[in-house]
Amino acid sequence: MVLAPLLLGLLLLPALWSGGTAEKWEETELDQLFSGPLPGRLPVNHRPFSAPHSSRDQLPPPQTGRSHPAHTAAPQVTSTASKLLPPVAFNHTIGHIVLSEHKNVKFNCSINIPNTYQETAGISWWKDGKELLGAHHSITQFYPDEEGVSIIALFSIASVQRSDNGSYFCKMKVNNREIVSDPIYVEVQGLPYFIKQPESVNVTRNTAFNLTCQAVGPPEPVNIFWVQNSSRVNEKPERSPSVLTVPGLTETAVFSCEAHNDKGLTVSKGVHINIKVIPSPPTEVHILNSTAHSILVSWVPGFDGYSPLQNCSIQVKEADRLSNGSVMVFNTSASPHLYEIQQLQALANYSIAVSCRNEIGWSAVSPWILASTTEGAPSVAPLNITVFLNESNNILDIRWTKPPIKRQDGELVGYRISHVWESAGTYKELSEEVSQNGSWAQIPVQIHNATCTVRIAAITKGGIGPFSEPVNIIIPEHSKVDYAPSSTPAPGNTDSMFIILGCFCGFILIGLILCISLALRRRVQETKFGGAFSEEDSQLVVNYRAKKSFCRRAIELTLQSLGVSEELQNKLEDVVIDRNLLVLGKVLGEGEFGSVMEGNLKQEDGTSQKVAVKTMKLDNFSQREIEEFLSEAACMKDFNHPNVIRLLGVCIELSSQGIPKPMVILPFMKYGDLHTFLLYSRLNTGPKYIHLQTLLKFMMDIAQGMEYLSNRNFLHRDLAARNCMLRDDMTVCVADFGLSKKIYSGDYYRQGRIAKMPVKWIAIESLADRVYTSKSDVWAFGVTMWEITTRGMTPYPGVQNHEMYDYLLHGHRLKQPEDCLDELYDIMYSCWSADPLDRPTFSVLRLQLEKLSESLPDAQDKESIIYINTQLLESCEGIANGPSLTGLDMNIDPDSIIASCTPGAAVSVVTAEVHENNLREERYILNGGNEEWEDVSSTPFAAVTPEKDGVLPEDRLTKNGVSWSHHSTLPLGSPSPDELLFVDDSLEDSEVLM
C-alpha cells in the first residue's frame, strides 16, 4: 500500500519537471471555472450552467481577468498527462421505461468530469444508432465545483407515439476519446394497432374466401376475434396475424375483427362481403342520333351486381303492327355505353331495349323505347323505262314505274331525267326534274340524226337515288321510230295495266264497304232512340255546356260512386276537382299498389300548376283499399305548414273497366324523395357532395314538420327518409300519411288489424304490443337522422326483419356512422331509449339541432373539410375484454428526486415520478442502476352508486366529452359491464427523472 504512491510519484516526476507551469495554469483555470461544491453540497445561491443540446457543445469558457504565462505549454502537459488520467464514464441510466401512448416522458444521462480533463465536448443524444439533431428535445446542465464539473443531459418527449420506441443513449468526447452511456430502452404500450384490416370483397354465392387481420402491440401478444354481423365467429382467440376462411355465404354479411392485448381491445372497420348477383337492367336509354339506316343509342348501366359487366346486347324489333315481331340482337362491349345500330330500314319505327351481363348472368332488359330512322335516298332506280319518239310533235315520250315502296326509303318528291345527245361532232348532256305525280315525261328533241341516252333516278327529301340503266334511242332525220325496249323490267310484272286495274278495283271495293258500314251505323242509332223526338220538337231543345259546377249534390254523387263512407265524403267534398282541369303526364314512380304521375292543374286565372298525381295502380282494388287511399288525403287536407306536404285536391276518373278511380293531387317536388336524393349523391357516377350543414337542415325541417303534427295529435307511424320529399328550394316536407292516425282521446293508438309496417323504423314498444305514441315517431326520427347522416344507407345492415325485436331487446342500437359528430350521434341516440318517457319531444329535438347547427362553421368545399372519425361505441378503447391488468404502478414521492453527481458515488440513485390523474392506470416498469423499484400498492376503487338512469359510473365511458353507457352497445354474449376493464384513455403527463 505504501509502494503504490511512491511508484506513481516517480512516474509523474519527469512530467512535472518539464511542464509544471502549464499544469499549474490548467489547475488554476479549472478552479476558476468550476469553483464551488458539487450538486450534492451546493450552496443556497448556486445556479448551474444550462445550455440547449448540441453535438458541438463545449464546456463553458474560462473566466477572464487572470494571466497565464505558460499557456503555450499546456497542450504538451495535457497530451502527456492524459495517458495517466483515470477513465471517465457515464453514470448508470434508468435502463428501461414502459409507458402508454400520449404521455410525456423525461429521462437523462449524467457524467462527472474532474478538473484534470480539459478537452471535453458536449453531450449528444442518439437513438437506434442515429444522432438526434435539434434543440427542442434536450437540455444540458452544468454543475461546477472545486473538484470538477457534473454534466446532466435531460431528454423529454411530449405525447409519446409508437414511433418513439427505441434505444436512447448519450455520447461525448473527453480528450479525444468517445464515451457512450448505457442505453435507455423506451417501450410505448397501448391498444393494439392494426397494420392489416379485413378488406371488402365480392364473392360468388356459396364460394369459400379468406379474410386477413393483423394487429401489433406492444404489449404482446395480440389475440384476434372475428365478428360476423355483430356475432363472434371463433370462440377461442387466434394469435395475430389471423386468417379467417369462410366456407361460403348466401347473403351479404358484415365482417370485422377484434384485436385484444393487456391494454384492451381495438375493433377494425366493418367490411361488407357482397354476394355477386345478376346486374340490374340498364337505365336512361336514349337515342343520340338517327340516320336513314342507323340509330346511335346510349344507356346508363344498372347496378353491376358486385361483378364487372362483361358485355351488353341491344335488342331491336320493328314497331309496326304488320311486322312479324322478330328481334334483332346486336352484341357489344360493356364500355363505352353506346352503340350504333346499322342495316336498318329508312323511315321506319323500331323498339329498342338494352341488357347487360356479368359473370353471373344477363340482366333483365331495360324499358323499351321507340326510335325512328330518318328519310333517306331511294335504294333502287325506277323500273320499266320506255322511250319512244313522237314525230308529229318532235318530242320524246318517256314512261317508267315507281320503285318498290320498301325500297323508296322515304316519300317521293320527284324524278331526275338525264338525257345525253350524241351525233357526229356533237355531244350534249342535259337533265330535268319532274314531279312525282306522274310516271311519264316528255322532252323535246334536241338533235336529229343522233343517239339519245336516257336514265332516270327517283328523288326523296333524303336525296337522289341511283340512276337506272341507260336506254338508247336513235333519232333519224325524217323517219318514224318505235319506242325503245325497257331498261329495267320488273320481275314478275310483265303487264303493268293489270296491276293498275287491280288497284282501281280494290279502291272501289273499299269505298263501297265504308259506305255500307256508315249506313248501317246510322240505322242503328235511329233505331236506338226511336221516335222520341220529332223534327219540330228537336228545334225547341236548348243546348248548353256547364263551365264549372259548384253543386254540392253533384259532388256527393261523385264521391258516393266510390262507395266510401259518408264521413269521408264530408271531409273531401270541398277539395274535389273537376277531371277536365287536370292533364296527366309521364309516370314519376311506381309502388306495389299505386303510382305517381306528373300532371298540370289548370287554375282559375288560366295558368297551370305543375303537380304530382297519386293514383291507385290496380284496377281490381277493394273498397277498403279505396277508403285507405282517400283517408290519407283526408289527413293532409287541414295541414298548413311549410315542412308538411299539403293536399291540393282529389280527382275521380273512370278506370279501364268503367269503375270510378280516385286520384290525389299533391304539390310537385322537383328532387323527389329524400332517400333517393341521398342515395344518388353517394352512389351516382359523379357523387354530389352534401355539406354537413345541409344534412342538419334536412333534419331540422323534418323535426319542425313532426313538431307541427305531434302538436295536432297526429301520429305518422311511417316516418323515414323515403317518405320525406324535397322541394325546389331544398326544403324537406314530411309526406306519405298512409299509416297516419288522429288521436282523439288519450295519447296513444293501438293497431287493431295486422298491416305491413316498416320494421326497422318501428320503436321497440310498438314491435312488442303494437302501441304507438308520439314517442314512437321520435324513435323513427332517430333512424331517419341516421339515414341522412349515412346518405341513404339501410339501417341495421345484416339484421333480418324477424330478428329486429330480439336485437333491440338486447340493447343493440344503430352504430355511430363514419364522419358523424359525437354531438349529432348523441341526439339521435337519445331517440332510441328503451323507455319512451326518456325520449325527447320533437320541440326539444328541433332546439338541439338548431343549437348544433349554430355552433358549426360555415359550409366549406369538400377538399377543405377534415372529418375526425371517432371510434364506434362497441369498439371504444375504454373497454377491455380480457384478463385483469396487474396492479403494478410507479408511485414515488416527487420530493425524493435526487441527482447523484458526486464522482465518488458507488451506486447511482434512480428516482422516478409519475403524475397520475386517473385511479385506474396501467403498469410502469422502471429499471435504474443496481436497484429495481416496484410499488405493488394499488389504489382501491371508491364506492359508487347507480346514477339516475340506473347505470353505474364505471359502466359509463367518457369519449370526446360525452358520457356513454355500455348497456346498449355490448354485443350478444359479451361479459357484463362489471367484468370489463377500463383502459387508461387520459392524456396526463408522466415524467421519469435521473
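From the backbone N, Cα and C atoms, a Cβ is placed for every residue, glycine too.
Source: prediction; values computed, not measured.
As recorded in Swiss-Prot:
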- 44-78: region 'Disordered' (REGION)
- Asn91: N-linked glycosylation site (CARBOHYD)
- Asn108: N-linked glycosylation site (CARBOHYD)
- Cys109-Cys170: disulfide bond (DISULFID)
- Asn165: N-linked glycosylation site (CARBOHYD)
- Asn202: N-linked glycosylation site (CARBOHYD)
- Asn210: N-linked glycosylation site (CARBOHYD)
- Cys213-Cys257: disulfide bond (DISULFID)
- Asn229: N-linked glycosylation site (CARBOHYD)
- 281-376: domain 'Fibronectin type-III 1' (DOMAIN)
- Asn311: N-linked glycosylation site (CARBOHYD)
- Asn324: N-linked glycosylation site (CARBOHYD)
- Asn384: N-linked glycosylation site (CARBOHYD)
- Asn390: N-linked glycosylation site (CARBOHYD)
- Asn437: N-linked glycosylation site (CARBOHYD)
- Asn449: N-linked glycosylation site (CARBOHYD)
- 498-518: transmembrane segment (TRANSMEM)
- Ser538: phosphoserine (MOD_RES)
- Tyr744: phosphotyrosine (MOD_RES)
- Tyr748: phosphotyrosine (MOD_RES)
- Tyr749: phosphotyrosine (MOD_RES)
- Tyr867: phosphotyrosine (MOD_RES)
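In this structure the alpha carbons, written CA, of Asn202 (N-linked glycosylation site) and Asn165 (N-linked glycosylation site) are 39 Å apart. Ranked by how many other Cβ atoms sit within 10 Å of their Cβ, the glycosylation sites Asn108, Asn210, Asn324 place Asn324 at the bottom. Around the Cβ of Cys170 (disulfide bond), a 10 Å sphere holds 26 further Cβ atoms from the protein chains shown. Here the Cβ of Asn311 (N-linked glycosylation site) has 14 other Cβ atoms within 10 Å, regardless of which shown protein chain they belong to. Under DSSP, Asn91 (N-linked glycosylation site) is assigned to coil, being neither helix nor strand in the three-state scheme. According to DSSP, the secondary structure content of the domain 'Fibronectin type-III 1' (281-376) in residues is 0 helix, 47 strand, 49 coil. Per-residue pLDDT, averaged across the domain 'Fibronectin type-III 1' (281-376), gives 91. For Cys170 (disulfide bond), the nearest neighbour among the recorded positions Asn91, Asn210, Cys213, Cys257, judged by Cα separation, is Asn91. Neighbour counts were taken at the CB atom with a 10 A radius for the glycosylation sites Asn165, Asn384, Asn437; the maximum falls on Asn384. When Cα-Cα distances from Asn384 (N-linked glycosylation site) are compared across the recorded positions Asn108, Asn229, Cys257, the shortest belongs to Asn229. Between the CA atoms of Asn324 (N-linked glycosylation site) and Asn108 (N-linked glycosylation site) there is a gap of 96 Å. With respect to Cys257 (disulfide bond), the closest of these recorded positions in Cα terms is Asn108, chosen from Asn108, Cys109, Asn437.
Asn229 (N-linked glycosylation site) sits 17 Å from Asn210 (N-linked glycosylation site), taking the C-alpha atoms as the reference points.
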